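Comments concern the structure below.
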Ligand code: ADP
Ligand code: MG
């Protein structure tokens with residue numbers, strides 16, 4: 001068990017104007033924890049705050065100033081959490097702050113540059129890298145992506161939906177079992193075997209979210225998003241499974257409204273715009289107060305879902321995102337105050353281990369076999385489940401003579417064999433019941449004789465036992481089969497949903513064969529030319545469009561309008577930039593692939609040369625009738641050194657190619673997303689234009705009609 005308080009970090013978003021800098025200072029010199037001081041400008045301090053306080057100081061685990069890179073955020077905040085998740089503990093990282101303070105930038109990343117990728121893609125990359133390194137365990141990874149808007153949960157990864165509004169998505173509901181464990185109904189889990197698959201899921205969810213957003217619902221600032229990585233691991237042969245979840249949470253904007261007329265109380269009395277953040281605060285307050293028995297988790301969906309992460313079995317980290325500009329001073333102070341309260345909460349994380357019944361059956365079966373083998377070794381005879389006919393006969397003879405023996409001291413000795421002992425008891429019981437039924441008139445000895453002579457009855461008993469044994473065997477088989485089928489069904493479902501979602505996309509759009517390092521080696525030779533590149537990209541986005549319900553067919557006029565709209569749109573610069581980078585990366589990958597192939601053939605040639613050289617030396621030794629010289633052949637040494645060097649080169653290039661592959665995939669996904677966004681904005685613009693055009697024509701028509709009237713008068 002690991003006990004610790006929730007870790008709090010602060011991140012300050014870069015400000016546009018330099019003049020804002022006097023507003024805060026970071027004190028890192030202190031030995032204990034660094035602190036952030038927010039300095040109220042004179043005018044604000046006089047006007048708003050009646051106690052005229054001039055500055056506020058807040059302590060954080062660490063404070064990341066404006067120039068902090070995404071890499072540093074990952075290394076210092078997310079990596080330690082990811083590590084504990086790999087060790088089997090639950091983890092949560094949530095970003096809290098007002099709209100536009102950098103929550104999404106921190107959790108998911110920027111939409112433009114590869115280097116801007118945030119905690120989610122970096123964590124996925126790290127986790128998969130670690131899983132690959134660790135061959136001592138078998139790991140399984142699943143992804144889920146939940147959005148909570150207006151107290152309703154939506155599954156952003158539901159493969160069936162063609163959502164155009166949030167309400168079209170299937171609703172996710174919270175269920176609580178008798179042990180107060182939370183279960184989410186309708187939230188799909190998707191297996192991801194590679195970083196690439198997991199990344200595809202992240203982008204699919206983000207795109208669905210974007211499509212479903214309307215100017216009215218402003219989902220991106222008013223909803224919470226929870227991206228969850230579910231990890232399970234077990235050692236080969238062990239029946240114990242470890243499960244851990246990592247929630248990466250992008251909360252709704254924390255902005256508040258002031259109670260009017262309260263003036264100086266503004267900083268303490270402001271109310272959240274978002275009701276569920278209000279409930280989150282209530283839970284945090286309750287948890288930070290000692291001896292509170294009731295924690296109001298049930299008040300909102302978000303607090304129910306995050307129940308374990310707040311005051312439960314989890315290692316939790318909060319990132320307070322701050323946009324420290326003059327007009328945001330009060331919001332920033334609220335955010336810091338919230339963080340200080342969160343820092344008081346103590347969590348107790350435990351390892352989540354459980355026994356897998358399927359594995360338990362297998363283990364018990366193995367144990368039985370081992371015991372049987374051991375027994376056979378001791379007794380020197382192979383033990384089957386049933387006694388042989390000869391053994392039974394022998395046994396019954398023994399029983400008969402035992403019963404007939406008048407000596408009270410006589411013993412029935414069958415040896416230390418439970419099967420035989422059981423059979424004796426069965427047999428005796430049968431004799432006794434028979435005696436009861438037929439009455440005590442007949443002498444037991446004669447009865448026994450009858451029994452012994454009645455071959456068929458023993459035969460029957462034997463058969464019955466056999467049948468029971470057979471039945472038990474069948475039961476076990478059926479059980480095992482059922483479990484197998486269940487497993488296959490679950491796999492098929494996951495497989496087919498991943499086929500729906502990703503497979504065709506990957507195989508057609510990505511120049512890399514999925515998950516196959518062999519394929520990767522030969523890839524750059526078949527890398528599409530640049531002309532093909534764009535068609536590949538178009539294919540990808542058309543798929544994304546289809547996925548997200550954006551219509552493809554456009555009239556010629558509309559197409560032209562779209563072209564112009566696109567040209568003038570700010571995002572098109574990003575798309576173009578990314579296209580250029582993508583082209584560069586493609587050709588880099590191609591060149592690298594060629595070098596890799598060359599290196600591979602060179603390695604082959606060197607190996608061949610070394611073998612030949614070796615054979616020559618041996619042949620020389622034989623022909624000169626001397627043994628092979630013990631001193632190493634300098635020529636062969638040289639070849640070996642060359643081979644090692646070439647192998648190193650090959651490895652370096654191969655690693656680089658793999659990294660390039662991830663980058664290309666990421667860039668393509670960024671572009672897809674930007675394109676869908678562009679299309680969405682164009683559609684909205686087009687619809688608006690069409691309406692206003694119609695209005696204009698109608699007014700025009702009325703006017704000419706009126707003119708007509710006037711003319712006749
Ligand atoms: P939020 O999710 O809190 O509403 P965003 O993450 O969307 O805010 O950030 C708002 C804008 O500021 C985005 O355009 C984002 O790219 C930019 N931004 C935020 N944080 C940073 C940062 N640390 N460096 C550069 N740009 C940032
Ligand atoms: Mg956001």
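The count begins at 1 with the first shown residue.
Just so it is clear, glycine is given a Cβ too, placed from its N, Cα and C backbone atoms.
Per TrEMBL, the feature domain 'Kinesin motor' maps to 5-345.
Under the DSSP three-state reduction, residue 99 (ATP binding site) is assigned to coil, being neither helix nor strand. Taking a C-beta cut-off of under 8 angstroms and a sequence separation of 6 or more, residue 99 (ATP binding site) has the following same-chain neighbours: 221, 253, 255. Feature annotation from TrEMBL assigns ATP binding site to 97, 98, 99, 100, 101, 102, 103, 104.
Per TrEMBL, region 'Disordered' is recorded for 437-460 (among others).
The region 'Disordered' feature in TrEMBL is assigned to 487-534 (among others).
For 524-534, the entry in TrEMBL reads compositional bias 'Polar residues'.
Positions annotated as coiled coil by TrEMBL: 643-677.
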- Message: Counting across all protein chains present, how many other Cβ atoms fall within 10 Å of the Cβ of residue 98 (ATP binding site)?
- Response: 22
- Note on the structure: For the binding-site residues listed (97, 102), most other Cβ atoms within 10 Å of the Cβ sits at 97
- Message: Measuring Cβ to any atom of ligand 2 with a strict under-6 Å cutoff, which of the binding-site residues 100, 101, 103 qualify?
- Response: 103
- Message: Out of the binding-site residues I have (98, 99, 100), which ones have their Cβ sitting under 6 Å from ligand 1?
- Response: 99, 100
- Within the predicted model, mean pLDDT of the domain 'Kinesin motor' (5-345): 86
- Message: Most Cβ neighbours within 10 Å: which of the binding-site residues 100, 101, 104 is it?
- Response: 101
- residue 104 (ATP binding site), DSSP three-state class -> helix
- Task: Starting from the Cβ centroid of 97, 98, 99, 100, 101, 102, 103, 104, the recorded ATP site, name every other residue in that chain with its Cβ within 8 Å, sequence order please.
- Result: 13, 95, 105, 253, 321, 323
